[in-house]
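**Q** Below is one structure. I have some questions about it.
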Amino acid sequence: MKKKIGIIFGGPSNEREVSISSAINVGKNIDSDIFDPILVYWDKKGHFSIVDSLDLIEDGNRIHVEDLKNLFEIAFLVTHGKYGEDGVLQAILENQQIRYTGCHVLSSALCMDKIMFKDLMTGLSIIAQAKYFGFDFDLNSLGEIEDIQKQAIKELKFPLFVKPANSGSSVGITKVNNPDGLKDAILEAHKHDSRIIIEEGFVNQKEVEVAILGNQELVVSDPGQLIVPGGFYDYDEKYKLDKTKIVIPADLTEEETRECKALASKVYKICGCGGFARVDLFVLGGKVFINEINTLPGFTNISMYPKLMATAGIGYKELITKIIELIY
């Protein structure tokens with residue numbers, strides 16, 4: 001008998017369109033000889049619906065969260081962004097005793113929050129991106145922005161990146177080349193999260209990504225490299241402009257490749273990740289720096305994770321099957 005798999009997509013975050021694209025690809029490539037997929041739409045208000053087609057997501061049949069476990073055995077998550085990959089949905093499913101793909105609550109929350117993740121890496125003396133500081137920002141205290149600007153100018157070197165601490169797909173991120181742009185960048189980040197991180201940007205670095213699959217025994221891909229014309233891989237560049245060049249394998253020395261894979265594996269295990277994740281790194285001057293972990297990487301047509309796994313000998317259909325089998 002086929003296993004019923006609930007492909008949960010959508011969600012309240014501003015990355016729902018990416019989530020829908022991922023759901024389309026997972027639905028097309030899941031092994032229908034083994035699995036019986038059920039499309040579960042999570043709308044902006046947090047309601048769940050069973051839908052017959054991804055073209056008719058607003059016409060689904062509403063269902064209470066308590067009833068989801070009666071419809072499928074396993075949830076395959078493609079809920080990118082806040083609430084979907086930060087441990088919130090994972091906690092909801094655990095409360096309902098529904099097994100799901102990917103990382104559990106703690107690792108999801110830790111890796112999603114850029115401030116907590118950077119603090120952990122710094123505390124463990126792992127080479128992370130250059131200097132940074134994070135803060136909670138109250139929009140009602142606009143006078144605080146001046147203090148934040150002064151701190152950034154004093155402690156950090158431009159260019160800077162201002163980011164919402166809990167957001168993915170480069171949503172809400174601004175590259176700031178001089179002090180004049182800091183205020184607007186902080187306000188933009190605040191639209192997506194009250195926790196904000198400001199960090200130094202590298203110049204002439206290589207931006208690389210490593211795909212990892214597994215729990216104890218890991219499949220670790222060779223790094224793939226992103227060559228971005230404007231030097232900043234923002235949301236539009238990722239999903240709309242299509243100007244970024246993806247190079248697999250990355251243009252690295254053998255030693256740099258080994259270091260990327262070793263550091264990615266180390267951080268994956270430290271953070272308690274399981275199932276699968278993508279680890280983002282920078283390479284500069286022969287040194288490898290950790291940037292972040294994406295515990296729920298995209299499965300769109302242009303997403304790096306499945307491309308990297310393909311170069312490791314695992315095709316799309318097999319990858320989906322393995323991710324389901326790795327539920328822990």
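Counting starts with 1 at the first residue shown.
The backbone N, Cα and C atoms fix where each Cβ goes, and this holds for glycine too.
So TrEMBL says this about it:
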{"type": "ACT_SITE", "residues": "Glu15", "note": "active site"}
{"type": "ACT_SITE", "residues": "Ser169", "note": "active site"}
{"type": "ACT_SITE", "residues": "Ser303", "note": "active site"}
{"type": "BINDING", "residues": "Lys114, 161-163, 169-170, 199-207, 291-292", "note": "ATP binding site"}
{"type": "BINDING", "residues": "Asp280, Glu292", "note": "Mg(2+) 1 binding site"}
{"type": "BINDING", "residues": "Glu292, Asn294", "note": "Mg(2+) 2 binding site"}
{"type": "DOMAIN", "residues": "118-325", "note": "domain 'ATP-grasp'"}
**Q** Counting other CB atoms within 10 A of each CB, which of the binding-site residues Gln205, Asn291, Asn294 comes out lowest?
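**A** Per-residue Cβ counts within 10 Å for the binding-site residues Gln205, Asn291, Asn294 bottom out at Gln205.
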**Q** Round to a whole number and give the Cα-to-Cα distance in Å for the pair Lys114 (ATP binding site) and Ser303 (active site).
**A** 21
**Q** Could you check which of the recorded positions (Glu15, Asn294, Ser303) sits closest to Phe202 (ATP binding site), going Cα to Cα?
**A** Asn294
**Q** Cα of Glu15 (active site) to Cα of Asn294 (Mg(2+) 2 binding site): how many Å, rounded?
**A** 14
**Q** According to DSSP, folded down to helix, strand and coil, what is Asn291 (ATP binding site)?
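**A** In the DSSP reduction, Asn291 (ATP binding site) maps to strand.
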**Q** Lys114 (ATP binding site) has how many other Cβ neighbours within 10 Å of its own Cβ?
**A** 24
**Q** Among the recorded positions Lys163, Gln205, Asn291, Ser303, whose Cα is within 10 A of the Cα of Asp280 (Mg(2+) 1 binding site)?
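**A** So far as Cα distances go, the recorded positions lying within 10 Å of Asp280 (Mg(2+) 1 binding site) are Asn291.
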